[in-house]
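Remarks on the structure that follows.
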């Protein structure tokens, strides 16, 4: 049994499924999807920081005295079809999904007993959005279902009172935040608890270790659940399950501890923005690059989309997800279930990232640029004459190669028209019998 101490909790082995999965989808959805302007931090930027674009946006479009709470009934979700969402998630090739059950605004996407009249069952959609998505994901896909939960809430008066008392009082976690966490685990049995938003309070204020000890010892998901590292001020990148370290974290080198790169297809926001331009969205080439870099360095990629207030996954997000899925259909063996190799990227040719498939004993070299010369030079593999074989994922014939002394090789790529290429945005060479 795990003790409610970091020493004990940090020693828990991460359930193997998480490292093997490599790729997940993050979904930021909530009342912030109604103004869908600027950022999911809309309420804070408008009311607390009084940033000019947000103040002007409200003055121009809403009557005087309109409050953030007035957005609640406008969060309608009339087009929300959880089966369609599940099908898009499946088509993306992702192996897990993390839905924001509650963001810093405090609005819960389920009918929480602890969030009276500020939840999706009492206000707005009048539906349990968490339950509907969980059911569809489990019935239609093999994705692991996870939930994001914000510890703090910007404007909750109990939290603000505790903060004024320098967190010596604990009214907010005991009456709101912790009961919600136990509620979502018992009700929806998520296999990922993605915690966030410590409000500058220490983990002792949140009783994070007490909750995690229960989660790992006695909860209905004790054997399969994974958690991140955001459990109080100072715990990020230090304690918990996998490390997130920061948003859009992509170190570009191997890390000793399992980590995750959570990033968003929209460069500037996690929630949906009506004011986004096409250039604000990462292109498929960028996403493939992020996936290859992240996985080669031992990380998982958690790629975020923001649905609309009426429950649609905007077509630009759907297209990106389906494109990643199409790429993974061809190159998935270089991603799923792989381990980092002794080299993460090539020393001679830039834009080449390595992974290792332990079962097949294959080294995968994912290259992001198709060379005009028709040959690709790799500085890292040590090839063996008469033994090493090179294949291009999605192409039948073996490729010809020559060794370059002790280390390195030149590979002749097949001469293919754009239509004949196995995929469009990055390719995988599978090398067997290299030292």
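Just so it is clear, glycine is given a Cβ too, placed from its N, Cα and C backbone atoms.
Record features, source TrEMBL:
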- 1-333: domain 'Glycoside hydrolase family 29 N-terminal' (DOMAIN)
- 262: site 'May be important for catalysis' (SITE)
- 344-432: domain 'Alpha-L-fucosidase C-terminal' (DOMAIN)
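For residue 262 (site 'May be important for catalysis'), the same-chain residues that are 6 or more apart in sequence and have a Cβ closer than 8 Å to its Cβ are 26, 244, 247, 248, 249, 302, 304. In the predicted model, the domain 'Glycoside hydrolase family 29 N-terminal' (1-333) has a mean pLDDT of 98.
With helix defined as DSSP H, G or I and strand as E or B, the domain 'Alpha-L-fucosidase C-terminal' (344-432) counts 0 helix, 36 strand, 53 coil.
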